[in-house]
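**Student:** This is the feature table in Swiss-Prot:
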SIGNAL    1-15  signal peptide
DISULFID  Cys23-Cys32  disulfide bond
DISULFID  Cys30-Cys47  disulfide bond
CARBOHYD  Asn33  N-linked glycosylation site
REPEAT    50-78  repeat 'LRR 1'
REPEAT    79-114  repeat 'LRR 2'
REPEAT    115-140  repeat 'LRR 3'
REPEAT    141-168  repeat 'LRR 4'
CARBOHYD  Asn147  N-linked glycosylation site
REPEAT    169-192  repeat 'LRR 5'
CARBOHYD  Asn180  N-linked glycosylation site
DISULFID  Cys183-Cys213  disulfide bond
REPEAT    193-220  repeat 'LRR 6'
REPEAT    221-247  repeat 'LRR 7'
DISULFID  Cys237-Cys266  disulfide bond
REPEAT    248-272  repeat 'LRR 8'
REPEAT    273-293  repeat 'LRR 9'
CARBOHYD  Asn276  N-linked glycosylation site
REPEAT    294-315  repeat 'LRR 10'
REPEAT    316-340  repeat 'LRR 11'
CARBOHYD  Asn317  N-linked glycosylation site
Amino acid sequence: MERVLGLLLLLLVHASPAPPEPCELDEESCSCNFSDPKPDWSSAFNCLGAADVELYGGGRSLEYLLKRVDTEADLGQFTDIIKSLSLKRLTVRAARIPSRILFGALRVLGISGLQELTLENLEVTGTAPPPLLEATGPDLNILNLRNVSWATRDAWLAELQQWLKPGLKVLSIAQAHSLNFSCEQVRVFPALSTLDLSDNPELGERGLISALCPLKFPTLQVLALRNAGMETPSGVCSALAAARVQLQGLDLSHNSLRDAAGAPSCDWPSQLNSLNLSFTGLKQVPKGLPAKLSVLDLSYNRLDRNPSPDELPQVGNLSLKGNPFLDSESHSEKFNSGVVTAGAPSSQAVALSGTLALLLGDRLFV
């Protein structure tokens with residue numbers, strides 16, 4: 001029993017900046033900071049009633065817990081206790097975690113009602129447990145990974161996927177050490193609607209082709225590639241065609257984009273209706289954009305004149321805010337062709353899923 005409770009301790013925790021006590025608790029959330037040289041791990045039990053739990057490990061290694069925790073213990077007698085937890089969102093930051101501890105924790109969380117998991121600034125070490133025929137981990141809606149390194153390198157996504165139930169809807173991977181996935185090992189993500197690969201400046205268009213394993217994302221609707229080393233809209237289009245994904249929304253903001261003169265034509269996803277090209281340094285409207293869009297964001301670029309209608313796709317909501325040719329940041333104009341220019345389109349203007357609003361919110365249109 002002590003070993004199982006020790007494993008539960010690993011599940012329920014993270015941090016705010018160095019509070020006097022390891023854990024702070026309010027009605028819904030609990031935050032623990034274990035950066036002290038001799039942390040009081042037992043204080044994490046204060047988080048048992050919280051829905052939103054955060055753990056900050058202070059960069060320490062949890063290798064020693066392998067001798068104290070049975071990651072394969074029978075959880076039968078604790079099932080009702082785990083199910084009764086209010087835990088919905090869990091964040092774990094700044095630690096060195098053996099894969100046996102991580103996947104053992106996911107097995108326990110599989111009994112809970114956890115919906116969102118965030119792992120940040122982690123190093124996952126060692127050999128993982130044998131693969132399972134059926135996932136026993138949590139039924140997550142959202143998984144956020146930022147600066148997480150894995151001992152299994154390119155096989156890490158396939159390995160992690162074995163421990164998650166197949167209902168994942170939103171996956172965010174930032175500052176990844178490898179996005180060159182072993183696609184033959186990756187299973188299909190049958191419910192994934194939003195994939196965010198932002199803040200991976202080394203990814204580039206070639207890397208995007210490797211990351212978007214063909215036929216593994218059949219329900220993908222929204223792809224975010226902010227600050228991801230993209231160079232041309234046409235190059236991204238080619239990567240999407242190779243992956244055979246049918247997007248509705250694409251965010252290419254905060255990349256240094258250029259117009260690829262003479263680039264071969266590309267067939268954009270037929271359902272694409274929202275394209276964000278803000279903060280990309282564009283001096284003119286790039287050629288080869290989709291012929292028709294509901295929303296096109298060209299704000300905060302280097303356009304020195306108002307684009308003429310024949311330079312633009314057929315678009316319902318066009319944002320040009322923050323470009324040099326404007327006298328002010330707020331500008332709207334109706335073209336004879338029916339193009340409407342708006343200073344700052346709201347997220348409600350995008351006819352995408354609620355998942356997009358959940359993950360990207362106002363970041364899709366800056």
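The backbone N, Cα and C atoms fix where each Cβ goes, glycine too.
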**Student:** Taking DSSP states H, G and I as helix and E and B as strand, how many residues of the repeat 'LRR 3' (115-140) are helix, strand and coil?
**Tutor:** 0 helix, 10 strand, 16 coil
**Student:** Relative to the Cβ of Cys213 (disulfide bond), which residues of the same chain, six or more apart in sequence, are found under 8 Å away?
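**Tutor:** When sequence neighbours closer than 6 are ignored, Cys213 (disulfide bond) has Phe181, Cys183, Val186, Ala243 within Cβ distance under 8 Å.
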**Student:** According to DSSP, which kind of secondary structure is Asn33 (N-linked glycosylation site) found in, if we only use helix, strand and coil?
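**Tutor:** Assignment for Asn33 (N-linked glycosylation site) reads strand.
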**Student:** For Asn276 (N-linked glycosylation site), just give me the three-state DSSP call.
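**Tutor:** SS state of Asn276 (N-linked glycosylation site) = strand.
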**Student:** Which whole number is the mean pLDDT over the repeat 'LRR 8' (248-272)?
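**Tutor:** 88, rounded to a whole number.
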**Student:** By a Cβ-Cβ criterion of under 8 Å, what residues six or more beyond either terminus of the repeat 'LRR 2' (79-114) are in contact with it?
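**Tutor:** The answer is 7-8, 10-15, 35, 48-63, 65-66, 69, 71-72, 120-129, 135-140, 150-152, 159, 163-165.
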**Student:** Let me make sure I understand the structure: which of the glycosylation sites listed (Asn33, Asn147) has the fewest other Cβ atoms within 10 A of its Cβ?
**Tutor:** Asn147
**Student:** Who are the long-range neighbours of the repeat 'LRR 6' (193-220) in its own chain, taking Cβ under 8 Å and residues 6 or more past its ends?
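**Tutor:** Distal contacts: 146, 169-176, 179-181, 183, 186-187, 226-232, 235-236, 238-240, 242-247, 251, 254, 353, 355-356, 358-360.
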**Student:** If one measures from the C-alpha of Cys30 (disulfide bond) to the C-alpha of Cys23 (disulfide bond), what distance in angstrom results, rounded to a whole number?
**Tutor:** 7
